[in-house]
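Visitor: Just lifted these from TrEMBL, have a look:
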REGION    1-49  region 'Disordered'
COMPBIAS  1-10  compositional bias 'Gly residues'
TRANSMEM  83-100  transmembrane segment
TRANSMEM  112-137  transmembrane segment
DOMAIN    114-362  domain 'Fatty acid desaturase'
TRANSMEM  149-169  transmembrane segment
TRANSMEM  203-220  transmembrane segment
TRANSMEM  240-259  transmembrane segment
TRANSMEM  271-291  transmembrane segment
């Protein structure tokens, strides 16, 4: 166990075996290399000289071993439960909007108090926006329901509201999950090899919310690996052109609605109720996704040393304090990466069992989120470029 991942109580019911990417929540068109169920077959480290020095066991259980140790019901996603959380998210956002409008128009508070409350409103509404994104994220993983149609409808509605092309991001995010911790194939926030470093500097904190939308538009990293989420012709989307085009069209249509709202009620209304909360949501997303896999002693592997379980274990569980439950436990990340079809409302239970059964594999950090983010961003800025021949990269 690494830094305080105290095991908790949990059941020991077993689920049937799995031998394909589909069984762990990924499509069968997985990356070339090791099948998730095959353990470490194919790793090019015969003497254990590299892997043996890392703070993670050299010999790992297979994904089947881990799945058998978890209660079977954590892999189930009842539509009624998922829809409850989806409706709850929509009601939260609508309720905050209506409450803010009522408070501003009621003369209930003096003007100075309204201005003091405005940042509080932005923070809360931005948090609710983030919850909506996580709900669409679950739909993209099919952990919302067993219906692909329902998943895509929910994902499209929730992500379109946030100006994110759902299907395009779903596919790029799938690439991340298939190659987590592989610095040669992962999709975002991976260390960049020296030969691919163009010398450009990133904005502090990746630009926070601005950086999120820059990522959607132009991607991350070297040109050959960047994913342009608003381009349905991108090679990653070749077999899904229509679905991606529909997602992009939905975002364009929603942008038109926002324009009409601003034209009718004024840009200030749009700024207060949408632009700032959306920026805060984007900032949440940058912070959360960066901290998921960036931490001291959490390895990144080159392709010859990478395998599925080892890569997924380069994920860190963090608790997000007052908003942890609001944003659907997205900081509880190791189980999510091992089994993407575990819905968010089962993540905590599955994690307790995982920590009990495999304490030596647990990665948790208790540091407060914003200090952890800025600490690791400074290390990323200083250490994020690695030699061309690096087999493993660990931040120190």
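Using the three backbone atoms N, Cα and C, a Cβ is placed for every residue, glycine included.
TrEMBL does not curate its annotations; it predicts them automatically.
Are these features on the surface or tucked inside, and what are their neighbours?
Guide: Long-range contacts of the transmembrane segment (112-137) within the same chain: residues 85-86, 89-90, 92-93, 96-97, 100, 103-104, 144, 154-159, 161-162, 164, 166, 173, 272-273, 276-281, 283-285, 323, 326-328, 330, 344, each at least 6 residues beyond the stretch ends and with a Cβ under 8 Å from a Cβ of the stretch.
Note on the transmembrane segment (149-169): residues 79, 86, 89, 129, 132-133, 135-137, 139-140, 142, 213, 216, 227, 229-230, 232, 234, 237, 240, 243-244, 246-248, 250-251, 253-255, 278, 281 of its chain, located 6 or more positions outside it, place their CB under 8 angstroms from a CB of the stretch.
Sequence-distant contacts of the transmembrane segment (203-220) (same chain, at least 6 residues past either end, Cβ-Cβ under 8 Å): 163-165, 169, 187-189, 226-230, 278-283, 285-287, 290, 373-374, 377.
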